[in-house]
Amino acid sequence: MSWGTELWDQFDNLEKHTQWGIDVLEKYIKFVKERTEIELSYAKQLRNLSKKYQPKKNSKEEEEYRYTSTKAFLATLNEMNDYAGQHEVISENMTSLITGELTRYVQELKQERKSHFHDGRKAQQHIETCWKQLEASKRRFERDCKEADRAQQYFEKMDADINVTKADVEKARQQAQLRHQMAEDSKAEYCSTLQKFNSEQHDHYYTHIPNIFQKIQEMEERRIVRIGESMKTFADVDRQVIPIIGKCLDEITKAAESIDHKNDSQMVIEAFKSGFEPPGDVDFEDFTQPMKRTVSESSLSNSRGDGKSEPKFGGKSKGKLWPFIKKNKLSLKLGAGPEDFSNLPPEQRRKKLQQKVDELNKDIQKEMDQRDALTKMKDVYIKNPQMGDPASVDHRLAELGQNIEKLRLEVQKFEGWLAEVEGRLPMRTEQARRQSGLYEAQNTSAVNSCAQDRESSPDGSYTEEQSQETEMKVPATDFDDEFDDEEPLPTIGTCKALYTFEGQNEGTISVAEGEMLYVIEEDKGDGWTRIRRNEDEEGYVPTSYVEVYLDKNAKDVYKSLQKISE
């Protein structure tokens, strides 16, 4: 089944059909190109999504990614980044294997099609020229025959006329013979031209056109095969990345399965455990007897030197407000702290000190490794002077020795603070807790005297002056002695939270958008406002997060109190 024999008379339709085939191929190229653009856009959006939720470096958010659940989330983000990379691979492979190849093929196909149809038109023009020659020969033969017939009739007429001379008759006869000869010559030429045309026509319809149409058919079939192969490649490009995408999904599943809720719960304990003991029972105060009332050391009230007792809010410990020490307020708000971490609870302080000691020990080890390497280099220089001057490393060795000595002094300093805080941490057993209650009841006066001797350090921490005769561990509630010496700040106005603020740092308080709270200390130029929710909850929030409504009278009173205190 060949186009040359079956479609010998469909030259124009074949020309339109092959052009349509090229249009289909170009449409498919455009489809693949748009698919690659979609893949690139999708990959870009996935990468941006992964980057958006990545923790910021050197931020508190990065510290939160130590939990197994957040680690799993981070692994998911990383896998999604790799997932996006596979879509970029799809786009690149489709561009190189399909779009690029087919674009070049289309250009070659257009040139080949143009060549074939040019040959077809040329053959068509040739057969038309032969046909015109045949028609011209035919008309000439016809004309010569008519003229020969007229010349014969004229001769016969002249021959029958008795009035015509013999010379005229002979002339008419010669003219008739000439015309007959011309007719015979035209006939011979017409026969020759006819045979030639028939031969050309036979070759045209049985040889030339079939060959040309056969080439066009082969060209069209190659186009169809090529577009089929491209569609197969289109699927294969996707199929090649499926195993890698499957690995990404498997890693996400593995990360999800690695989440350990018990471990995360334990990490929360380690992160926020203060080391303080819960407060003991509040002693009964008998107001029916005229006596100087004292309060148990384990209660949440504080004994004043002038005998005044101050009731606390709902019997709850003010220990939760212990970071709000006036002297270290600024350092807390700015995220700074004293070198010995004395602004932290005992357990957190111990962890920070231990971490600092470990870091210093690592630094010492690095310096010692460098010193050992330089010492070996110096030995090599001594044995082989041509390799270098041994004295050239002496300065660096001396510098490393000084650094190591400084670091060791730092380690001793932090180890001393660590030993101090570990010595102050309360015992954990229930028996020790019961004994501590009895111990407090028996030594109330001694503890009160110890509390009076305690002085606050400039950075807001506390120190204890221990008696030479006896050494005792003060219960955790006594660490808040400095709070009990301060009267609660008066309310100077109200404020409305414009945005939600997660008060995760020490000294801050969390607020919800639209929440109304009391203002107890306005912004002093550092960008923070001190607010109170109730008697037990107060802290600092960014001034830009709240809309403050100050009461003028309360503000004046507050300023007066500040001047008096100063």
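Just so you know, glycine gets a Cβ as well, placed from its N, Cα and C.
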Which one of these stretches, 155-186, 219-250, 379-410, shows up in TrEMBL as coiled coil? 155-186
Among 126-153, 322-349, 350-377, 518-545, find the range that TrEMBL records as coiled coil. 350-377
Helix-strand-coil residue split for the domain 'SH3' (490-551), DSSP-based: 3 helix, 29 strand, 30 coil
The coiled coil (155-186): which same-chain residues, six or more beyond its ends, come within Cβ distance under 8 Å? 137, 140-141, 143-145, 147-148
